[in-house]
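Engineer: Below you will find the structure I want to go over with you.
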Amino acid sequence: PQVVKNSSVTEFILEGLTNHQELQIPLFFLFLGFYVVTVVGILSLITLTGLNSHLHNPTYFFLYNLSFIDFCYSTVITPKMLMSFVSTKNIISYAGCMTQLFFFTFFAVSESFILSAMAYDCYVTICNPLVYTATMSPQVCLPILLGLYVMGFARAMAHTACMGRLTFCANNLVDHFRCDILPHLERSCTSTYVNELVVFVVVGIDIGVPTATIFISYGRSKAFSTCSSHIIAVSLFFGSGAFMYLKPSSLLPMNLGKVSSLFYTIVVPILNPLIYSLRNKDIKIAMKKTLSKKSFS
């Protein structure tokens, strides 16, 4: 995205996760391991979905896209965070910071709405199995997917544009490991009222509407036990996001904010492939078939 730079600050220094030097290298290897496991798990899930024809249905169409979003989502954040553990100064340019913020918001919002789409798919599977093929046809799924990406793009543009209107003070040290909205608002020399209002309203909608949709769908279909893996993923993602953005900043110390942010940016992408594979019979069957084919060949 093109961002108009109206600030005296041309770069930011990201303070990182911790100031304790003795923890930098252990944390680097810990989160590098998390990232490798995340990438391997997501790419394995995407490969299994692509190679096995019995997984070519709406349920796994949305799961495929969730995996793709998680991969992009994690890649936008983790490599830059890893640099903070091995660099004396973790510097990011103003344009680079706004770009990271845009893509993080885009993929985060897209994930929230694709989780809703997956809940609707689960609802139709349980409550209307006889008309599932017609209800969840490609003519329905593709517009849903396009719509959720449009929602992600619109929200990302809104947050990035609001950030672009601010003027930042000379102190460009940001107490965070990534470019995020709330930590950067603390460095603004101008009023942040509009930004805070946009965050509260937009994030409230992006968390509230999907959460309500998901739990109403599952409540009507009595599918809480059947779709428990999806409930776990939803609770982890929305719960940590709400804890970060839907509380007054004065009530949430930045250290707790960083922990919450760490949870939904690092932990959730690594858990999603595990949740959807370990608790899914179709994925297990596909994995056995794929491995047996390789062994036979």
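Cβ from N, Cα, C; glycine included.
Sharing the features that TrEMBL gives for it:
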- 41-218: domain 'G-protein coupled receptors family 1 profile' (DOMAIN)
- 27-48: transmembrane segment (TRANSMEM)
- 60-79: transmembrane segment (TRANSMEM)
- 140-158: transmembrane segment (TRANSMEM)
- 197-218: transmembrane segment (TRANSMEM)
- 230-247: transmembrane segment (TRANSMEM)
- 259-278: transmembrane segment (TRANSMEM)
Engineer: What residues in the same chain, six or more past the boundaries of the transmembrane segment (60-79), come closer than 8 Å to it by Cβ-Cβ distance?
Structural biologist: 31, 34-35, 38-39, 42-43, 45-46, 49-50, 100, 103-104, 107-108, 110-111, 114-115, 117-118, 121, 141, 145, 178, 265-266, 268-270, 272-273, 276, 282
Engineer: With pairs closer than 6 in sequence left out, are the transmembrane segment (259-278) and the transmembrane segment (230-247) joined by 3 or more CB pairs under 8 Å?
Structural biologist: yes
Engineer: If you average pLDDT over the domain 'G-protein coupled receptors family 1 profile' (41-218), what do you get?
Structural biologist: 88
